[in-house]
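Okay, so here's the structure we're looking at.
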Ligand code: RNT
Ligand code: ZN
């Protein structure tokens with residue numbers, strides 16, 4: 001970076017420091033906090049949730065769908081890791097990478113989901129160590145013949161159910177091992193696609209079966225410093241419009257009775273429902289919470305996350321609950337219609353911007369007015385705080401973290417696409 005450009009960023013930063021100081025916000029301290037924030041970057045944006053299984057023919061079933069045909073998706077571990085490294089070089093901060101069981105590397109051998117073990121994730125672990133990254137994990141209960149009839153852990157077919165329970169157990173074993181080796185807690189998140197397109201007559205039976213399957217999977221106890229388990233609810237999916245076994249109410253109850261963390265995905269509620277208000281309710285009863293940061297457009301479409309009202313209110317709510325050490329933040333979207341690295345970087349930078357904005361908000365002043373009953377002043381301050389010069393702090397953060405400032409990263413990705421991605425036949 002040119003000296004002149006650096007000076008400009010520092011100048012803007014000092015100006016911002018004065019402005020924020022008027023509201024008792026010390027932006028140096030905010031940046032210290034910001035540098036400790038770790039989000040989890042989902043590996044599946046890089047290949048449209050395809051995975052490396054020998055029989056892999058793309059995402060199938062499960063009510064999730066990646067649309068688009070932008071050329072050059074990563075086809076194996078080497079390509080995917082290379083793309084993630086590129087994305088990470090454009091995202092400020094030290095983060096984690098979120099894996100799915102279908103990203104096992106089995107040397108061309110067919111290894112079914114009930115047989116995978118940590119050896120199939122050696123390359124990921126080694127790479128994570130090399131790059132100072134944490135890893136998170138997800139069992140994959142979709143894109144598999146045994147998921148084709150729409151039920152996995154809640155299946156009435158005992159063989160199917162047993163297969164998936166075994167998969168769930170294997171994945172927890174793997175996640176525990178990952179956490180132990182990396183000395184960084186691994187979040188292991190269970191999401192299943194189970195549900196039905198049309199009105200079921202018997203809703204309760206599958207739910208009772210699901211409870212039993214989960215009990216069995218979680219019956220093995222691991223050290224919390226290695227692994228933390230979570231369960232992710234959903235309202236509906238394509239092909240499960242009328243009934244989803246693992247609903248919000250189901251998992252909220254399950255989580256609070258079983259010392260398992262709840263996962264809220266921003267795209268898994270009614271299309272106009274904002275999950276921000278749920279955070280304080282959940283944290284009243286649970287120590288932790290996992291958020292899947294996503295963007296639904298009319299349905300759970302998993303569009304690339306942008307800095308919109310939903311994201312901002314989510315981040316502000318976490319801050320206002322003083323809960324950045326309790327809430328795990330993981331990205332979850334997949335867009336195959338644009339450059340996939342851009343998708344990652346856009347979503348991650350937007351999320352980090354929202355977090356920074358929330359940390360810069362003079363919350364104590366809002367609460368002060370609130371406690372005095374000055375609700376007009378509270379609203380007025382909320383509005384004024386929206387236009388404080390957060391961008392000057394963001395640029396300093398990017399500069400300190402050695403990643404491109406402003407729009408300059410875009411050309412970087414274009415170049416990488418020309419050099420590397422386009423050559424993938
Ligand atoms: C699906 C869930 C789930 C998946 C990933 C791939 O609706 O959001 O989290 O997106 O596990
Ligand atoms: Zn999700």
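The backbone N, Cα and C atoms fix where each Cβ goes, glycine too.
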Given TrEMBL lists 300, 302 for Mn(2+), the same-site residue among 248, 268, 364: 268
Neighbouring C-beta atoms (10 Å sphere around the C-beta of residue 300 (Mn(2+) binding site)): 23
DSSP three-state assignment (helix, strand or coil) for residue 268 (Mn(2+) binding site): coil
Collapsed DSSP category at residue 300 (Mn(2+) binding site): strand
